[in-house]
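Visitor: Have a look at this one before I ask anything.
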Amino acid sequence: EAALQGYNTCIFAYGQTGSGKSHSMVGTEAEGEGRGLVPRVLKRLFEGGSTGGDMTVDVSMIEIYNERVYDLLDPTVLRNTGGRHKSRSLRVRVHPKTGAYVENLGVLGAASIGEALRLLELGSKARTIHATNMNAASSRAHTVFTVRLSQTKPGGGSGEGREAVRVTSKVNMVDLAGSERTKATGAAGQRLREGASINKSLSALGKCISALAEEASSGKSKAHVPFRESTLTLMLRESLGGNSRTGMLAAISPSARHLEETLSTLRFASRAKRIVCRAEVNVDPTQRLVSELREEMQMLKQALAQSGGGEDGAMAAQVKQSQRIVKDLEGTWEQRHEATLDSLGEAKRNMRLMGLEGAAEATARDLPSVPGSLQDDARGQIPRLVNLNADPMLSGTLAFCILPGETAVGSDPGECGGSRVLISGLGVAGRHALLRGWPGPG
Ligand SMILES: Nc1ncnc2c1ncn2[C@@H]1O[C@H](COP(=O)(O)OP(=O)(O)OP(=O)(O)O)[C@@H](O)[C@H]1O
Ligand SMILES: [Mg+2]
């Protein structure tokens, strides 16, 4: 509701592994009772915006793993790889005017709840493939799903001064890594160091929350808040201690065995509760920001010309950075929506190349009409290979269909030939196995 009014909002889920963070944020299905907060929020935003008519929605989705940022909506992530293709990480940069941002991050326009949910699904698939490629425990990664809203509202003044204004807001939904062993509370030397090296971002989050809570209760703003200590806190700076309405979801285990972790999560939550954020409606700063940045670039360019351009690489870099931000800000929603369609299309093609069943209906339509193939698969009788993962939220997100005939399974597209399932991972051979399917029910 606050986001629809024009406030930045944020909700982050905190708790030990297996306590239900992803269950609460993403859920087990895209629609129906089992869906999590992210699809519910998306639904509400699209419903709320339909009255005004001119609201635009953009989404992005990133994963922070080992302090590196990966774009989960980048369709090339779904391109397999055979373990050779490394997922590209993106750089987080800080600009004095706009704050921290991720360079070259895909921000995609979503025209409907359907499109937004398909992007979310694409992101979950990318997460799974990532986790496998990097042989990583997914529960050590943070996922940030961001929605940007822009809409026109009647202006604040009365009578003739009432001019319509553009209002923008940002919704950050964060599924954090499992918090066990971080122990920000006890600050017990060895344990804390261990926690810090396992997950720098989580321990930095703990420190920031403590510092902000301290600041709020002492009423002084002297405390040093170490936002810059980690990628996560750098990116959530505004959400944690600035212009945002922020909520925390504390996930705890019902088991007595986890008492210690549960207490630590609750202590964390009660500290977080003391923080006071000052949220205000964001009258669209784009116009002003663009002109300010333009002015700044002009000045820098002049200074650069005067200094002969020689030694000042830093200045030239800043000009470049500002140019890029201006370009991003000036892009229209229509362009970003086109990017979405391109991205979903490419993701679909890539998934098909891997032998992956895509966003169900879309892929089924494109497959050749073979008796017993996906078109006829109303009752889900086509056999599938489905992934298993230590993280239950990632299990079953990838389904490879076994169609009649021979299907080669392996990591090398060349060796596997036409009908294939491409997987990567430790010990997977170029052509690893051959599956034979017969037409017919079951
Ligand atoms: N309230 C709940 N009702 C039913 N099942 C739940 C509930 N909470 C969690 N689960 C189930 O428990 C399992 C673990 O939950 P989940 O994956 O959400 O944990 P997590 O906190 O995200 O852990 P990690 O830190 O490892 O990512 C899942 O299979 C999930 O479906
Ligand atoms: Mg999880």
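Even glycines carry a Cβ here, placed using N, Cα and C.
Whatever TrEMBL says is automated annotation, not expert-curated.
Taken from TrEMBL, the feature ATP binding site covers Gly15, Gln16, Thr17, Gly18, Ser19, Gly20, Lys21, Ser22. Per TrEMBL, domain 'Kinesin motor' is recorded for 1-275.
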Visitor: Count the other Cβ atoms sitting within 10 Å of the Cβ of Lys21 (ATP binding site), across every protein chain shown.
Guide: 27
Visitor: Which three-state DSSP class does Gly15 (ATP binding site) fall into?
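Guide: For Gly15 (ATP binding site) - judged by DSSP and reduced to three states - the answer is strand.
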Visitor: Give the number of CB atoms, excluding that of Ser22 (ATP binding site) itself, located within 10 Å of its CB.
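Guide: The Cβ of Ser22 (ATP binding site) has 24 Cβ neighbours within 10 Å.
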Visitor: Using Cβ atoms only, which residues of the same chain lie under 8 Å from Gln16 (ATP binding site) while being at least 6 residues apart in sequence?
Guide: Gly178, Ser179, Glu180, Ala251, Ile252, Ser253, His258, Glu261, Thr262, Thr265
Visitor: Can you tell which of Thr17, Ser19 has the least company, meaning the fewest other C-beta atoms within 10 angstroms of its C-beta, among these binding-site residues?
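Guide: Comparing Cβ neighbours within 10 Å for the binding-site residues Thr17, Ser19, Thr17 has the fewest.
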Visitor: Just to be sure I understand the contacts, which binding-site residues have a Cβ under 6 angstroms from any atom of ligand 2? Candidates are Ser19, Lys21, Ser22.
Guide: Lys21, Ser22
Visitor: Could you check the binding-site residues Gly15, Gly18, Gly20 and say which one's CB has the most other CB atoms within 10 Å?
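Guide: Sorting the candidates by Cβ neighbours within 10 Å, the top entry is Gly15.
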Visitor: If you check the binding-site residues Gln16, Thr17, Gly18, Lys21 one by one, which have a CB less than 6 Å away from any atom of ligand 1?
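Guide: Among the binding-site residues listed, those whose Cβ sits under 6 Å from ligand 1 are Thr17, Gly18, Lys21.
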Visitor: Does DSSP put Gly20 (ATP binding site) in a helix, in a strand, or in coil?
Guide: coil
